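For reference, TrEMBL has these:
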- 7-27: transmembrane segment (TRANSMEM)
- 47-68: transmembrane segment (TRANSMEM)
- 80-97: transmembrane segment (TRANSMEM)
- 141-163: transmembrane segment (TRANSMEM)
- 183-201: transmembrane segment (TRANSMEM)
- 244-262: transmembrane segment (TRANSMEM)
- 358-381: transmembrane segment (TRANSMEM)
- 388-407: transmembrane segment (TRANSMEM)
- 413-434: transmembrane segment (TRANSMEM)
- 446-473: transmembrane segment (TRANSMEM)
- 479-499: transmembrane segment (TRANSMEM)
Amino acid sequence: MEKRRLSFWEIWNMSFGFLGIQFGFELQNSNISRIFETLGANKDEIPILWIAAPFTGLVVQPIIGYLSDRTWHHYWGRRRPFFFMGAVLASIALFIVPNSPTLWIAGGMLWILDASINISMEPFRAFVGDKLPPEQRTSGFAMQSFFIGIGSVIAAILPWVFTNWLHFSNTAPAGEIPESVKWSFYVGGFAFLSAVMYTVFTTKEFPPESIEALRKERKETTFSQALKETFGGIFKMPKTMKQLAFVQFFTWFALFSMWIYATNAVTSTKYNMHISPELFAKAESFAKEKKADNIKDSKQLKSLQKDFEEIRKFGNLSNPVISVNIANYFADGNFKEFTQSKAEFKRVQQEYNDGADWLNVCSSVRNGVAALFAFIIPLIAFRTNRKITHAICLVIGGLGLLSIYFITNPTLIVVSMGMVGVAWASILSMPYAMLSNALPANKMGYYMGVFNFFIVIPQIVAASILGYFTIHIFNADTLLTIVLGGCSMILAAALTLIVKDDGDNKKTV
């Protein structure tokens, strides 16, 4: 069926839900490592805790894509039931995550939150292929990038706004999440549901060519056949999809490196989290001699010992940098031996939270750049092609990550993140625009879900190996992990140039 060209406002309405989805996604990406660290996670534990996000995407997205291709309701349509269901579940999860009392509950809630985000997000990608003719798809995905950017800007800056404008505390007792972070998640939950429901109520869907044939196919498909078809599609991918898989792998490996370790890398190297060697030795000795009064205290002391051992093995003992875990323990504990030095631990605690808040501001700038650059991407693609456009953007993003290593003034990280924002705008649009022209219309949702394998597999790989790399190869220097991410993104740019794009010979807008 020939699709009519949609107006600017029709594309706006069908993409608006991504504003809310990105509230959830950005709050997760910007704050989960901070939440894990606050609840006592060590550097090498954080990647494993993060594995929940990509693993749920690996399972959920192809299933949702498969189901949405075979769904039709006379009022709700094909994709919108999934928009609604995911939005409700994600909004509830956003209210629960920052109130997690323990590390394992926070990890479990990340699984639920990410699964819910994926339920809404995957059908939005297929929505562009459903409703727009091929020549408008670049603009459709660019509009999604715009709303992703705007949503990310607001979500990333929320903790800073609550702290600096509304005077909510950005510190909390050991093992508790600051009020500024909690309220950011509450606002995110409301925004997620509101924005997605706007798209649900303002957008109509085209019915399938034969509703009866769709119902018959659905009725005749057994559960085992559905599973086989869902996960067997990875072996039947179009050539363009296979080539883009390698691009996506190294791109998302880079992004995951940034999301996992940016907070630790920036706070530990660009902010003053140092204490005197004498105070470090005294605190280490105290932690060794302290007898656990209960199970919770025993676990906390074990985590502290691991941090002290890591600092002694890899750190500069003449000017030691301590973890927020150590700072929280001594800043919030009532130990008479540390009455005089408690203020020093509180200073380190404040430095960490100030650094984490500033990184959220930089992430907000990154996403603001992505939102604005989303409108420039179609113009560059028109004058060159989609492959060259994407490669240029990835190189700029990779250089942005590499530049963090050389920066001494944390204020300048905003420039680095702005460069990553250029890449982010393209990552959210160009691969999907190239892919959509290579896919059969009746399997658009399914293949978009399968394509997600090459977003989540690199994240699972990163979550599995980055902890080992960081501790044993980079000597616990998380800044070098960010450098690895920058190199990975530049490699993805080179691989983009070999992709076969069926839209290369068409001028897209």
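Positions of Cβ are set from backbone N, Cα and C atoms, glycine also.
Annotation: stretch 7-27 has the most Cβ pairs under 8 Å to the transmembrane segment (141-163), among 7-27, 47-68, 183-201.
Between the transmembrane segment (47-68) and the transmembrane segment (446-473), three or more CB pairs separated by 6 or more residues in sequence fall under 8 Å, so the two stretches touch.
Across 80-97, 244-262, 413-434, the stretch most heavily in contact with the transmembrane segment (358-381), judged by Cβ pairs under 8 Å, is 413-434. Of the candidate ranges 7-27, 80-97, 244-262, 446-473, 7-27 has the most C-beta pairs within less than 8 angstroms of the transmembrane segment (183-201). Residues of the same chain lying 6 or more positions beyond the ends of the transmembrane segment (7-27) and with a Cβ under 8 Å from any Cβ of it are 83, 87, 90-91, 94, 113, 116-117, 120-121, 124, 127-128, 131-132, 136, 139-140, 143-144, 146-152, 154-156, 158, 184-185, 187-189, 191-196, 198-200, 202-203, 363, 367.
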